[in-house]
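A.B. asks: Feature table excerpt (TrEMBL):
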type: BINDING; residues: D8, S9, Y40, G41, N72, T73, T193, H194; note: substrate binding site
type: ACT_SITE; residues: C71; note: active site, proton donor/acceptor
type: ACT_SITE; residues: C192; note: active site, proton donor/acceptor
Amino acid sequence: MGSIGVFDSGYGGLTILKEIIRALPQYNYIYLGDNARTPYGSRSFEAVYHYTGEAVRKLFDMGAQLVILACNTASAKALRSIQQIDLPVLAPERRVLGVIRPSVEALADYSKNGHVGILATRGTVASASYPLEIEKLYGKGRFRITQLACPMWVPLVENNELEGAGAEYFVRKYLQELFAIDPEIDTIILACTHYPLLRRLIEKEVARHVKIVGQGHIVADSLKDYLRRHPEMDLRLAKEGKVSYYTTDKAELFEQIAGIFMEQKIKCEYVQICP
Ligand code: DGL
């Protein structure tokens, strides 16, 4: 019996894992953070594809039957190639899913006027995965999308700088840039798994009617639906409610920071994923 693997470049995917566990507590989970090589946000397509591929193979070795790329940058740059090129050779019966498609599907529930801001890493923005996926699903013209990279937000979160004057400055800076481009935005997608930790500051900076959408509950609902539609996968998954954490860097540091994300004590092990 296998587990559900959840992969992120570092800690950000924990915001997704937390909601998945809340929605589906009965399954076994393996979280893998590639903290040694984080951040992925400004890396090339080749690097993100290569690193993500190694992580997926490691999660498969550790028994994952289904892997969620809980990282927008990895979903944007590596998911399609892994699904189309690697999976058929590596493990045709296993699955790798991302976070972009479910977020795009949920968009219609949030925006009333169609003006949407996508805040993400440079890599996700440059890949244009969100605008392309939105156009594919809804056609041209239904949404006016403004993408903006917020490269200072991941370091703030990774260093637990979640409040104070420094964090406020950088949160305000990018939101002002976003609304200067399109003042009519009524929905902001936090399209980077680290950003929900800055939510309190983000909410302070935007008008009350603007919806701030994190991805955790969206991905959790989508996974629940996937498992309902794929009983053959569900049958291969152990249901003992176990969660294991692995990092490619220092386990002690991971335990400390992941504890903040998960709001509980975490036990983590170091794992090497590059050959
Ligand atoms: N968690 C990644 C994402 O959602 C961002 C962190 C990074 O740059 O590695 O895009």
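Here the Cβ of each residue, glycine as well, is placed from N, Cα and C on the backbone.
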A.B. asks: Determine which residues of this chain, when D8, S9, Y40, G41, N72, T73, T193, H194 are set aside, have a Cβ within 8 Å of the centroid of the substrate site's Cβ atoms, and list them as they appear in the sequence.
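C.D. replies: Here the nearby residues are G10, G12, G13, T38, P39, C71, A74, T121, T124, V154, C192.
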A.B. asks: Should D8 (substrate binding site) be counted as helix, strand, or coil on the basis of DSSP?
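C.D. replies: Note: D8 (substrate binding site) is in a strand by DSSP.
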A.B. asks: In sequence order, what residues of the same chain, 6+ apart, have a Cβ less than 8 Å from the Cβ of H194 (substrate binding site)?
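C.D. replies: Listed in sequence order, they are G10, Y11, G12, T15, W153, V154, V157, E158.
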A.B. asks: To the nearest whole angstrom, state the Cα distance for the pair T73 (substrate binding site) and C192 (active site, proton donor/acceptor).
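C.D. replies: So the alpha carbons of T73 (substrate binding site) and C192 (active site, proton donor/acceptor) sit roughly 8 Å from each other.
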A.B. asks: Please report the Cα separation of T193 (substrate binding site) and C71 (active site, proton donor/acceptor) in Å, rounded to an integer.
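C.D. replies: If we compare the Cα positions of T193 (substrate binding site) and C71 (active site, proton donor/acceptor), the gap is 6 Å.
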